[in-house]
Amino acid sequence: MGRTREAGCVAAGMVIGAGACYCVYRLTWGKDENEKLWDEEEEEEEEEEEKSCSDKTEKELKTNVGVGARGKPQDDSKSKVEVNVGPENGPGVKKEVHPESQSGGGLEAKAKALFKTLKEQARAKAGRGIRLPNISRNRTLTSSLPCPGGRGGGCHPGRTGSRARNRTSGKVKRKNRSKSNKAPATAWPVRKGKFSFPYKIDDILSAPDLQKVLNILERTNDPFTQEVALVTLGNNAAYSFNQNAIRELGGVPIIAKLIKTRDPIIREKTYNALNNLSVNSENQGKIKTYISQVCDDTMVCRLDSAVQMAGLRLLTNMTVTNHYQHLLSYSFPDFFALLFLGNHFTKIQTMKLIINFTENPAMTRELVSCKVPSELISLFNKEWDREILLNILTLFENINDNIKSEGLASSRKEFSRSSLFFLFKESGVCVKKIKALASHKDLVVKVKVLKVLTKL
């Protein structure tokens, strides 16, 4: 029985050694292929420790095997041992050991000491962040590590996922990630509810309904409600009977007060509503109070914007008659600068506005004495389309007629070389440009050119 016991001790030692080697393997090399993102320093340290541990394990195993090889073989049916080695949740690995007798003693104590040493090394590595294999694919941050971007400070944002997976502890903790992963609150105000406007924007309203809309517009500060109310009033102002009703209800000051708002959409809708109201001559008497303010805002707002176009349309309507043109004479240089700088649509609308002034002979002296950019002459080039050419030719024709009718040709010394008078009358460049347009391919432009040339 003594030799059987010794053989059993040898078998137990080999089983324990094999199990320890398997544990070391699982702790060091048995990693998931999907989780190979490690820091370079940690990899170097782990490789050195794993190498030393594996060398030591091999030496111990050779010692045990050498000692067992000196004994006599026993009956296989008695000495054959089957052991399941592996993690508790992992798949079992069957080891079959054929122990042999040996003459030495104390193998059981040596096996226990070896197992204890390997176990301590495994615990030490686990404490430094070595991971045990997990069946679950879910990874959570350990409580000892700061969450990326959280209060504990900071992992690099580009490596958040890899650092979080590599820094998990041996036990899988079923906890949520830090609060920093939650979506941050938006800095922009969110509209809590929609205002139910009592009418549709294209409804034709009666006087009581218009009064309700004006009351809403006067009391609200909500941009959405203001926009809907202004569009509703602007659409109704397209009808002559409602133009009078809005004026009689005191709607012009209520609408015009929104000219001062900073919201460009609200200003655009305000100008559109006033533009429709300005078709009525009595309404123009109410709107003239705000015409200078509209002109200033139109000149300083963003070039070619919708607000600028709406302002130019309102100014054009307000200058169709001669009653309020003198209120805008101080802005003549700005109009010509806008005529040169603006895009196609801004140019056309500005020309229509200036043509209104040229049709009033009383405004001729102020108009031709203002300073204009010399590049304005480029508007007479053939490259422009029919509408721009017809408008610039009309502008030149009206100014030339007014200079003759007002007798300003004899007082040419009053005007500077940078004035519109010098550009159109004295330089002779305009006349050359107009003569060059006589060969234009557009028949309408040709007819207009011939008409202008006959008046020179």
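Glycine too: its Cβ is placed from the backbone N, Cα and C atoms.
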Which listed span Swiss-Prot calls region 'Mitochondrion outer membrane (MOM)-targeting sequence', if the choices are 1-6, 133-138, 319-324: 1-6
Region 'Mitochondrion outer membrane (MOM)-targeting sequence' range according to Swiss-Prot, out of 26-36, 279-289: 26-36
Model confidence over the repeat 'ARM 4' (418-456), averaged pLDDT: 92
